[in-house]
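K.L.:
So that we are looking at the same thing, I have put the structure below in structure tokens.
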Amino acid sequence: MMEDDGQPRTLYVGNLSRDVTEVLILQLFSQIGPCKSCKMITEQPDSRRVNSSVGFSVLQHTSNDPYCFVEFYEHRDAAAALAAMNGRKILGKEVKVNWATTPSSQKKDTSNHFHVFVGDLSPEITTEDIKSAFAPFGKISDARVVKDMATGKSKGYGFVSFYNKLDAENAIVHMGGQWLGGRQIRTNWATRKPPAPKSTQETNTKQLRFEDVVNQSSPKNCTVYCGGIASGLTDQLMRQTFSPFGQIMEIRVFPEKGYSFVRFSTHESAAHAIVSVNGTTIEGHVVKCYWGKESPDMTKNFQQVDYSQWGQWSQVYGNPQQYGQYMANGWQVPPYGVYGQPWNQQGFGVDQSPSAAWMGGFGAQPPQGQAPPPVIPPPNQAGYGMASFPTQ
């Protein structure tokens, strides 16, 4: 039972006492909002079928206790009832309340659909916001803003899937650079990638935490050092790798030394980049990321910087997010592809195109401690072609 806008209005209520009646349920739930109906089920469920009398799946019901479906007139009332009644005791039993599911509401297979990456999202933008923004371009099969699983906050990007390729192409062309909330968004194709094998060096390093990294340098520092790329280091490669984490102000690469500096518009974007990119494989090399040098003028020109004082590493951060993490939709996806592109929780990577060259420069954090060991590239990752942050 869905409204025209697709928002659910029906709740599953389980673990009921056999003394509970439809009248009692309606009396209790109607205190929260007007109820349209209540259907009590007392028969033993078959876990593989749909109850034909109500049209809802009983897959979520695994006991022999009675259960029921309560339908509201308004989605907001159903949502309020879910929050208020789940875990409450009715006639001595703690009831379980959840959204009722129908066969049509089960997760759709969108692997053959056309997926659009949407970046630079404002923190307040929700899944419904991007779905509404892209709806004029055609029928959408899925849309979601990617969230941090620990904090529940938006990671600043999302994905929209279309049934039709032409609709997706038009959305990319016409929505790129448009304002959504307080920011201009970026759009591009999103692509699925095979999982990359772990290297020994990656397996033996430690994963960083955003809360730790963001506090390791002052809020004014927006510069990331990325080193360890012995070959293939280019401005385009760094832009592809780091652009999903926020607006990039400047990039400076030093191919002969195997490192680069990337300056973001915000401290938080830089911290997310360090956490996510550090320890990943780029161009066949496991990279190290940490904060660039703090100076009174964070936009100091590169030509004024003496890089000879930074021939040592200040610290070695640990490993990236685990490769091949199993996701709920059955895909095994690494957080990064061979060329360092991030992967979202649905297994999509980001195909980023190079943008215009950036001007200016910035300093780097003076390393402390021992000089870095010589870079020894891991074995080539054969079989992989060139690669192209509590979703809602």
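Residue 1 is the first one shown; counting continues down the chain.
Every residue, even glycine, has its Cβ placed from backbone N, Cα and C.
The compositional bias 'Pro residues' annotation in Swiss-Prot covers 369-380. The domain 'RRM 1' annotation in Swiss-Prot covers 9-102. Among the features that Swiss-Prot reports, domain 'RRM 2' is placed at 114-192. Per Swiss-Prot, domain 'RRM 3' is recorded for 222-294, and the stated evidence type is sequence analysis. The annotation N6-acetyllysine is assigned in Swiss-Prot to K139 on the grounds of similarity to another entry. The phosphoserine annotation in Swiss-Prot covers S218. Residues annotated as region 'Disordered' in Swiss-Prot: 363-392.
Are these features on the surface or tucked inside, and what are their neighbours?
P.N.:
Summarised as a single figure, the pLDDT of the domain 'RRM 1' (9-102) averages 81.
Under the DSSP three-state reduction, K139 (N6-acetyllysine) is assigned to coil, being neither helix nor strand. Within the same chain, residues at least 6 positions away in sequence whose Cβ sits under 8 Å from that of K139 (N6-acetyllysine) are F162, Y163, N164, D167.
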K.L.:
Of the residues in the domain 'RRM 2' (114-192), how many are helix, strand and coil by DSSP?
P.N.:
22 helix, 34 strand, 23 coil
K.L.:
What counts of helix, strand and coil residues does DSSP assign across the domain 'RRM 3' (222-294)?
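P.N.:
Helix (H, G, I), strand (E, B), coil: 22 helix, 26 strand, 25 coil.
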K.L.:
Validating a neighbour-count step here. Other CB atoms within 10 A of the CB of S218 (phosphoserine): how many?
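P.N.:
Result for S218 (phosphoserine): 11 other Cβ atoms within 10 Å.
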